[in-house]
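Enquirer: Have a look at the structure that comes next, please.
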Amino acid sequence: MGVCRTVLTKRSPRSYCFKNAFAWAISLPVSLRIGVIGKGRSMEFGVNITLSALAQQFVVGLSRTTILFIVSSGLSLVLGVLRIPNLAHGSLYMLGAFLCYSIAVFLGGGPVGFWGAIVLAPLAVALISLVIERGLFCHLYDREHLMLLLFTFSFTLLFQDLVKIVWGSDYRSISAPEVLQGSVPLLGMPFPKYNLFLLIVGPIVAVGLWFLINKTKIGKISRAAAVDREMVAAVGINVSWVFASVFVIGCFLAGLGGALVAPTQNITQGMDHSLIMEAFLIVIIGGLGNIWGALLGALIFGLTDSIGILVWPQFAIVFPYMAVVIVLLFRPKGLLKATW
């Protein structure tokens, strides 16, 4: 744990119970969803699966992995350090997408509007999250997890109404700049340039988060405060502002994920519903607070989904959740060791 190793203590039973109870609470609705999905559908496997088609779906899965990883890594930071199961994390992802649209339109569209929106939308989400954290969350860190869960859920309802008031019920969309439009040949099949752009962004974010957590002062202090905040406060560190920094970084990542996904789909109310469940599952199976675990969990989700579409289209949505259930059965603490 670097220079903060001296303040790390053994994980408390409360923290252990919280993680395992949350894992099983998540796995139950997933199991039920797998049990009921696909009723009445014909059970036909994909045929004539070629190597080029498989490779294309693999790369598609990797590009989706980028969005899942960025959002879930932010959630992992907040859940690991602050012990807050932030159900509003998905709403911030949705807000990032809508802000990306509005900023791009305000800047006149084109390359300037797009790149400006990609940068400014996550920063705007981070600023909003700072106001929320300083105004409300900072007073609730010692409350019970159920109260925190309900509190963050109330924010999902608030953000839904806010989005409806500001942007209405119609969907919005933006286009990527010309340099990222079109496709390039990949094993004889076209592949969107924007998806390749996402493949570049993902590793950059992963390395940046690793450096932030392991090599910077704020990262080392955050890791220590996640285990024993009283000890960290005893050496004169303002734990409240450390928690605020972690919360803002996590929400920034949610906004970044929303901004990056905006050119790939319609921006609409409810786009956060499935995403937040997937993000929680990725955090659980990857290992609490483990960035590489979040990446591994996102890979499992992204690849099983994209390959499943090719292999068994009627039941493609089932494969990621089946993978989660299998992981939780054999590795209830996650694939990688929790770092908090």
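Note that Cβ sites are derived from N, Cα and C of the backbone, with glycine treated the same way.
Got these off TrEMBL a minute ago, pasting:
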- 21-38: transmembrane segment (TRANSMEM)
- 58-79: transmembrane segment (TRANSMEM)
- 91-108: transmembrane segment (TRANSMEM)
- 114-133: transmembrane segment (TRANSMEM)
- 145-167: transmembrane segment (TRANSMEM)
- 194-213: transmembrane segment (TRANSMEM)
- 234-259: transmembrane segment (TRANSMEM)
- 279-303: transmembrane segment (TRANSMEM)
- 310-330: transmembrane segment (TRANSMEM)
Enquirer: Test the contact criterion for the transmembrane segment (194-213) and the transmembrane segment (279-303): 3 or more CB pairs under 8 Å, pairs 6 or more apart in sequence, then answer yes or no.
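Expert: Counting Cβ pairs under 8 Å (6 or more apart in sequence), the transmembrane segment (194-213) reaches the transmembrane segment (279-303), since there are 3 or more.
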Enquirer: Grab the same-chain neighbours of the transmembrane segment (114-133) for me: Cβ-Cβ under 8 Å, and only residues 6 or more beyond its ends, written as numbers and ranges.
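Expert: Here the qualifying positions are 92, 95-97, 99-101, 103-104, 107, 155, 174-177, 243-244, 247-256, 258-260, 262-263.
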